[in-house]
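> Straight from TrEMBL, here's the annotation block:
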| type | residues | note |
| --- | --- | --- |
| DOMAIN | 20-153 | domain 'MARVEL' |
| TRANSMEM | 25-44 | transmembrane segment |
| TRANSMEM | 56-79 | transmembrane segment |
| TRANSMEM | 91-114 | transmembrane segment |
| TRANSMEM | 126-150 | transmembrane segment |
């Protein structure tokens, strides 16, 4: 018989299991912030104007990077002790991160539309890229939240 790495939905993975099971496989792109990190880099590479909404976008990117890193370390070390409370917290965190990135993406899209007519074309294109990456990050966190909710249901 072939060995399987399938994790039952009613348990939380530890160690390298977080890299092979759903929804935890999403830690890899979330942690690398392939999309969220690019949002921060693209916004930071321009003149941050207006500072309030763009500051929120940058806060969300950095906050989600730090929290996802800490969350992954807790899961990899087995600090959750396979508790249903951690399954609920996993759902809550990823739902909050999806909501944060959605709000940041909408803010950034509104600012991008305002920059369309009177600004530098390079900054406009940079913001368009940042908006796309913000919504891709939102999608990743949303999928992780949905799969975490399903896992929590089976606890």
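From the backbone N, Cα and C atoms, a Cβ is placed for every residue, glycine too.
Keep in mind that what you see is a predicted model, and the values were worked out from it rather than measured.
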> What are the DSSP helix, strand and coil residue counts for the domain 'MARVEL' (20-153)?
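DSSP classes over the domain 'MARVEL' (20-153) add up to 113 helix, 0 strand, 21 coil.
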> If I take every residue in the domain 'MARVEL' (20-153) and average their pLDDT values, what number comes out?
84
